[in-house]
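A short worksheet on the structure shown next.
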Amino acid sequence: MADPTSDDYYRVLGVPRDATEAQLKKAYRKLAIKYHPDKNPDDKRAEEHFKAVSEAYDCLQDKQRRAAYDNYGKDGAKAAEQGQSVPGGFPGGGFPGGGVRMDARRAEEMFSMFFGGGGMGGGDDPFESMFGGSGFGGMPGGIRIQMGGGPGGPQVFSSFGGGPSRRRAPPPPKRYDVLQPNTKVVLKDLVSKPELNNEMASVQSYDDSKGRYNVKLDDDGDVLSLKPQNLQQILRGVRLTDIKSSPELDGKSGNLLGARRSPTGDERYVVALSSVRQTVAVKSENLILPAGALVRVVGTSRAELNGRQGTVQSWDGGAGRYVVQTSASDQLKLRLCNVELV
């Protein structure tokens, strides 16, 4: 279990001393989102934890500094960072005291580089592992489709067998009003198990009879049944718009990592921007959402539409309208103010 108050970088991240690069990234991703100041406004303890997690990952993701840390502790890592030679002898010999300290600005830059898509320690995108590469499902492995072959139309064959399989029941029609399987989410506002708040998970299915999603935790693989209001979509490629307090941010894109309540009760969405090293917390109306985002219709003059949910298909910037699919046969064109992120 992670302990941001520990003086040991491995304990800070909650990883073993032989942790792989993937394990380090996973631990940082989880803890940095959990303790980020924009998700914990006016919480000095969370801010200190955020800096501690950033400091630990900053060291351990660098092979040279990690080796120096393993042998000589924080002072050794500091010397390696500054390009100094690491002396032999007992740990810490020859180094000034104090080790490495992470400041808030550097921690924020790291966060934005990591979550905004810039990557760290190799330039890869940490969201690739979160979203399974492209983020879209395909034909399951071991199955191929052969067209034709008789009046029955397409036949499905197993690539491991020699003959046709039994005809399968057609899949249920796709739904546009719920989160799709494999959607990445962050857990929030859990009262009975608050320790799970800010954990990341993947949607497995939606249970209509219970009005709940079955989600699988990234950390330990446990499957939980949760209400929709306890899940927040993680989205790639959101874009800021109409940021009156910082107009220079209009048009900047990034990744939506979670949500928090402002002191006035408004929900704000935490976005790590891609082109600038900055993280912001903005309202739903200040976001242009990507295709695939699940939204709710609000504030239209047609009362029967309000409250319906659907999936964003596209954004028409010229018309200032979303195209939102609410069912297989129904599409709506909605203004920004009539769409609310679910």
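Including glycine, each Cβ sits where the backbone N, Cα and C put it.
According to TrEMBL, the domain 'J' annotation covers 8-73. TrEMBL lists 74-99, 148-178 with the feature region 'Disordered'. Taken from TrEMBL, the feature compositional bias 'Gly residues' applies to 89-99.
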Can you tell me how the residues of the domain 'J' (8-73) break down into helix, strand and coil by DSSP? 48 helix, 0 strand, 18 coil
Give, as a single whole number between 0 and 100, the mean pLDDT over the domain 'J' (8-73). 92
